[in-house]
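Student: The following feature annotations were taken from TrEMBL:
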type	residues	note
BINDING	A:Gly10, A:Gly11, A:Gly12, A:His13, A:Ala14, A:Gly15	FAD binding site
BINDING	A:269-283	NAD(+) binding site
Amino acid sequence: MKHFDVIVVGGGHAGTEAAHAAARMGARTALVTLRAAAIGVMSCNPAIGGLGKGHLVREIDALDGVMGQAADRAGIQFRLLNRKKGPAVQGPRAQADRTLYCRAVQAMLSAQPNLTIIEGEATDFIVNAGRIGGVILGDGAQITAEAVILTSGTFLRGLIHIGDRRSEGGRMGDRPSVPLAKRIEAMGLPLGRLKTGTPPRLDGRTINWDILESQPGDDDPVMFSFVNSAPFVRQVSCGITHTNERTHDIIRENLSRSAMYGGYIEGVGPRYCPSIEDKIVRFADKTSHQVFLEPEGLDDPTVYPNGISTSLPEDVQADYVRSIRGLENVRILQPGYAIEYDFVDPRALRPTLELRDRPGLYLAGQINGTTGYEEAGAQGLVAGVNAALSARGAEPVIFSRRTSYIGVMIDDLVTRGVSEPYRMFTSRAEFRLSLRADNADQRLTGIGRALGCVSDQRADLFAQKMSALEAGRSLLDSAQFTPKEAMARGIRVNQDGMRRSAFALLSFPDVRFAQLRDAAPELAAIAPEIAEQLARDALYANYIERQNDEAQAIERDENWAIPDGFDFAALQGLSNELRGKLARSQPQTLAQAGRVDGITPAALTLILAKLRQQQRARSA
Amino acid sequence: MDTIFALASARGKAGVSVIRLSGSGAWAAVRSLAGSLPEPRVAGLRKLWLADDVLDEAVVICFAAGASFTGEEVAELHVHGAVATVSAVLRALGALPGLRLAEPGEFTRRALEQGRLDLAQVEGLADLIEAETEAQRKQALRVLSGALGRVVDGWRADLVRAAALLEATIDFADEDVPVDVVPEVLALIDGVATSLRDEMRRLGAAERVREGFEVAILGRPNAGKSTLLNALAGREAAITSDIAGTTRDVIEVRMDLGGLAVTVLDTAGLREAQDMIEGIGIARALDRARAADLRVFLLDDEDVPLIAPEGDDLIVQGKADLGGGVGLAVSGKTGEGIDRLVAEITRILSARAAGAGVMTRERHRFALTRAVEAMESARSEVLKGADRVELAAEGLRSAIRALEMLVGRVDVEHLLDEIFASFCIGK
């Protein structure tokens with residue numbers, strides 16, 4: 001019988017990140033997957049990052065994870081979204097070559113010490129006195145471990161719909177993992193049902209690119225990883241086309257044949273990523289919708305038409321796709337489909353992603369009701385780090401909303417649960433101005449180093465950057481200008497006689513570093529990228545200062561721990577509904593309780609009063 | 001939980017005093033004093049016994065657990081208000097096993113712990129208990145019934161909408177959201193800002209209803225201010241004599257004028273001070289008079305007011321019994337014109353009270369001010385253009401947060417401390 005510290009089941013984005021993180025932490029780690037060749041496959045659109053999502057990738061990278069570096073290696077078109085808006089809401093995004101991405105992920109995994117990849121199907125868990133202690137494979141082999149991380153995506157009662165045709169499976173072409181799914185179902189975990197969809201895949205050689213608008217990448221591509229500075233491979237453009245009235249007519253006429261509108265689907269789909277049927281029904285007055293034609297790879301003719309996911313029958317798909325400009329003669333390589341699946345209500349999880357009622361078992365990724373590679377990867381990392389910590393008997397690490405998008409996501413999931421597939425947005429982060437993609441390393445690399453998941457090499461790079469930032473900051477602080485001197489450089493400030501530092505002036509709109517450098521030549525010692533970073537810090541410095549009170553209030557509430565087994569059901573005076581919600585999400589701090597959906601001030605007061613009472617009772 | 005008791009009505013001599021008990025032993029305790037209990041929620045007359053002595057004859061009301069103010073078993077003893085009687089009953093209760101005197105705010109805390117009140121209700125309740133008059137009661141009831149919550153929810157909804165519009169341009173930059181959201185965002189911000197500013201104006205009046213209005217009587221020494229005050233109050237509150245300068249300090253008399261709590265201030269006579277003590281009295285009189293909500297100038301025929309009357313201030317002819325003047329004339333001595341003066345003061349103050357909004361506390365003012373500032377910042381960032389949109393969104397977010405603070409959604413900890421600290425025993 002083999003023994004590991006941590007077993008990860010599943011080789012998707014959550015699984016790879018979890019296994020790599022656990023191994024980085026020094027845990028002897030096994031990754032169990034059906035096909036090693038499918039590790040790191042992008043099963044939906046061929047892109048990484050975006051708004052909120054790009055932030056997550058940066059944070060994964062700051063903790064020395066896989067996704068950022070793999071995406072840089074595979075990136076064939078880089079765009080910084082919201083480039084014209086402030087840095088807090090800029091999100092790096094890239095089209096990725098599917099093959100290169102898989103290859104990069106697999107290369108990183110095989111280069112990682114402590115990590116063993118096992119091909120096989122996990123069919124059951126080994127349970128010791130209520131604690132999950134390993135898995136049993138299809139061939140009967142048993143692997144024991146201190147902790148098991150399950151990252152099985154959409155395999156729980158996964159059902160694929162193409163029109164009225166249905167087949168079981170977690171992903172097109174993959175057989176469903178029935179025994180383990182049955183085992184999970186038997187655990188009696190709270191489950192919900194969601195759906196998502198994909199568009200048909202097109203043969204790029206049959207698209208009339210010449211008549212279509214094209215969208216190139218940025219002139220100065222921004223990488224995901226803090227250790228990279230330029231793309232690795234040739235860059236390409238995406239195409240843009242639009243649906244039209246005829247497209248909409250075809251879809252409308254065939255709505256009843258769509259799995260969604262034919263009543264075949266019970267799962268809830270994401271509002272931010274509607275199928276083309278949804279778009280046409282819900283926004284009936286729109287006569288056209290944008291479609292991005294995204295190449296899936298440099299040597300792959302497959303094109304992913306982003307914006308027209310569907311569950312219509314194949315013949316209708318062909319009809320409506322060919323009604324779109326530039327796609328008149330297109331060949332469909334694989335039909336679009338909708339998939340519905342069960343997820344585990346993430347309120348059953350601790351903030352470490354361990355199941356509250358099944359110690360030793362961690363869940364990460366789509367099984368927790370999220371969508372997206374980035375959300376999955378970030379959860380994998382959290383589960384991997386915590387499983388490794390638990391395996392060595394160390395205290396868990398909980399990421400706070402105050403310091404990371406990872407913390408925002410985990411907190412949202414475990415306290416509020418999900419009602420549609422959960423996707424990251426920048427608006428979910430109340431400390432958005434501090435939680436920027438550009439400073440993810442400043443926020444997290446130090447923490448990661450202390451935890452033990454950041455390599456020496458990255459730690460050195462980070463230390464160099466930090467000392468350059470500190471030196472630059474002190475130069476900016478010591479360069480002082482009177483209002484007159486500032487005016488002389490074209491910087492308009494109040495003529496109040498107050499001297500202002502170069503750092504303070506950088507926070508003014510329209511003030512550029514170059515202006516200050518001209519006025520104070522010693523600032524020329526600051527390298528351009530360091531100056532840029534300091535300018536981003538300066539822009540928000542005043543706002544962040546003002547948010548400190550709020551951050552402290554949250555910290556105070558975070559310090560009000562709600563003990564395990566706190567009996568919410570016994571709280572007199574709460575509505576049954578609220579009692580149920582609290583009992584389900586079992587908030588672990590007063591701060592989390594405050595974010596439970598529908599919570600009222602009175603309810604919070606009640607909890608606090610109860611906590612105080614218990615505290616008094618203990619101290620008495 | 002143990003059973004607590006305390007005097008729930010004001011301390012001191014009164015017609016009736018109410019002693020309240022709460023906890024699982026409340027009924028048993030009363031039964032042991034009264035022999036038997038009336039039906040719940042029905043008042044019953046009972047003799048309260050201590051051994052063979054009758055302590056008092058009291059009205060007893062019982063409330064069952066789940067249907068009482070604290071949510072626990074509750075009993076109320078309405079006893080005769082003599083200090084000695086109340087002390088005797090409290091002593092008798094204290095001697096019973098399992099009963100103890102309540103700590104400050106403990107009844108309310110229990111109500112809170114039993115989920116009988118939400119936070120806004122607790123504050124409203126505090127005011128209700130303090131309400132001495134009808135207008136205060138009405139306002140406190142408005143807060144209790146959730147008027148504050150509804151108003152804030154309305155503003156919050158508008159700001160959330162504005163924020164959502166901005167967020168859509170941020171988080172969905174890559175998608176089809178071409179509509180220019182700026183006009184609607186500005187309209188929403190402006191609408192809420194206008195309401196907030198109106199509410200802040202009403203806030204001053206609301207605070208007055210809660211705390212009571214102040215009316216200062218001003219006039220030269222011996223103009224008859226003290227006599228007037230006594231006539232208004234119907235009792236000898238200020239010393240009156242014929243020697244000028246008798247009132248050397250500010251004398252306050254709290255009274256109910258047409259349903260409003262009013263404190264009438266009798267000030268030192270306004271003249272050149274003859275000695276230091278009188279000088280201090282005059283300076284203090286002037287300060288208080290300026291700060292008062294309304295000034296009544298009591299003038300002799302040829303007098304000119306020493307500080308300028310403003311707004312609704314009243315100028316009355318004093319000592320009307322000594323020879324008629326023109327306009328409003330009163331005589332403290334004969335009572336002539338007093339009714340008219342009271343009517344006039346009531347009319348003015350009632351008009352101000354009518355403008356009172358639903359916000360009554362300093363905390364509310366603070367939150368409103370923060371919200372307005374944040375909205376102004378958001379507005380100016382919106383106008384600066386799309387490259388500052390995250391800063392505009394930040395302004396809206398902190399405005400929303402400030403409003404939520406108003407209804408107690410956050411910072412529960414602070415709020416609780418404040419609430420519990422402002423409660424006295426037995427309420």
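Cβ atoms are placed via backbone N, Cα and C, with glycine included.
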Student: Using all protein chains in view, find how many other C-beta atoms are within 10 Å of the C-beta of A:Gly10 (FAD binding site).
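Tutor: By my count, 30.
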Student: Please list residues from the chain of A:His13 (FAD binding site) whose Cβ is under 8 angstroms from its Cβ, counting only those at least six apart in sequence.
Tutor: A:Gly40, A:Met67, A:Gly365, A:Tyr373, A:Glu374, A:Ala376, A:Gly377, A:Gly380
Student: Given the binding-site residues A:Gly269, A:Glu277, A:Phe283, state which is nearest to A:Gly11 (FAD binding site) when distance is taken between Cα atoms.
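Tutor: That would be A:Gly269, the closest of A:Gly269, A:Glu277, A:Phe283 to A:Gly11 (FAD binding site).
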Student: Going by DSSP, is A:Lys279 (NAD(+) binding site) part of a helix, a strand, or coil?
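Tutor: For A:Lys279 (NAD(+) binding site) - judged by DSSP and reduced to three states - the answer is helix.
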Student: Highest Cβ count within 10 Å among the binding-site residues A:Arg271, A:Lys279: which residue is it?
Tutor: A:Lys279
Student: In whole Å, how far is A:Gly10 (FAD binding site) from A:Phe283 (NAD(+) binding site) when you measure between their Cα atoms?
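Tutor: A Cα-Cα distance of 38 Å.
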Student: Can you give me the residues near the recorded FAD site, meaning same chain, not A:Gly10, A:Gly11, A:Gly12, A:His13, A:Ala14, A:Gly15 themselves, Cβ no more than 8 Å from the center of the site's Cβ atoms?
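Tutor: Once A:Gly10, A:Gly11, A:Gly12, A:His13, A:Ala14, A:Gly15 are set aside, the remaining close residues are A:Val8, A:Thr16, A:Glu17, A:Ala18, A:Thr33, A:Ile39, A:Thr151, A:Gly153, A:Ala364, A:Gly365, A:Ala376, A:Gly380.
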Student: Across all the protein chains here, work out how many other Cβ atoms are within 10 Å of the Cβ of A:Phe283 (NAD(+) binding site).
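Tutor: Taking all protein chains shown, A:Phe283 (NAD(+) binding site) has 12 Cβ neighbours within 10 Å.
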Student: Identify, in sequence order, the residues in the chain of A:Glu277 (NAD(+) binding site) that are 6 or more apart from it along the sequence and have a CB within less than 8 Å of its CB; answer 'none' if there are none.
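Tutor: Once residues fewer than 6 apart are set aside, A:Glu277 (NAD(+) binding site) is near A:Ile251, A:Leu255, A:Ser258, A:Met260, A:Tyr261, A:Thr310, A:Ser311, A:Leu312.
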Student: Using the alpha carbons only, what distance in Å do you get between A:Gly12 (FAD binding site) and A:Val281 (NAD(+) binding site) once rounded?
Tutor: 33
Student: What residue among the binding-site residues A:Cys273, A:Val281 has the most other CB atoms lying within 10 A of its CB?
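Tutor: That would be A:Cys273, with the most Cβ atoms nearby.
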Student: Going by C-alpha distance, which of the binding-site residues A:Gly10, A:Ala14, A:Gly15 is nearest to A:Cys273 (NAD(+) binding site)?
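Tutor: Comparing Cα positions, the closest of these binding-site residues turns out to be A:Ala14.
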Student: Which residues does A:Gly269 (NAD(+) binding site) neighbour through Cβ under 8 Å, counting only same-chain ones at least six apart?
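Tutor: Counting only residues 6 or more apart in sequence, the Cβ neighbours of A:Gly269 (NAD(+) binding site) under 8 Å are A:Leu194, A:Lys195, A:Thr196, A:Gly197, A:Met260, A:Ser275, A:Asp278, A:Ala338, A:Glu420, A:Pro421.
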Student: How many other Cβ atoms are found within 10 Å of the Cβ atom of A:Gly11 (FAD binding site), counting all protein chains shown?
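Tutor: Excluding its own Cβ, the number within 10 Å is 27.
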Student: If you measure from the Cα of A:Gly15 (FAD binding site), which of the binding-site residues A:Arg271, A:Lys279, A:Val281 is the nearest?
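Tutor: Comparing Cα positions, the candidate nearest A:Gly15 (FAD binding site) turns out to be A:Arg271.
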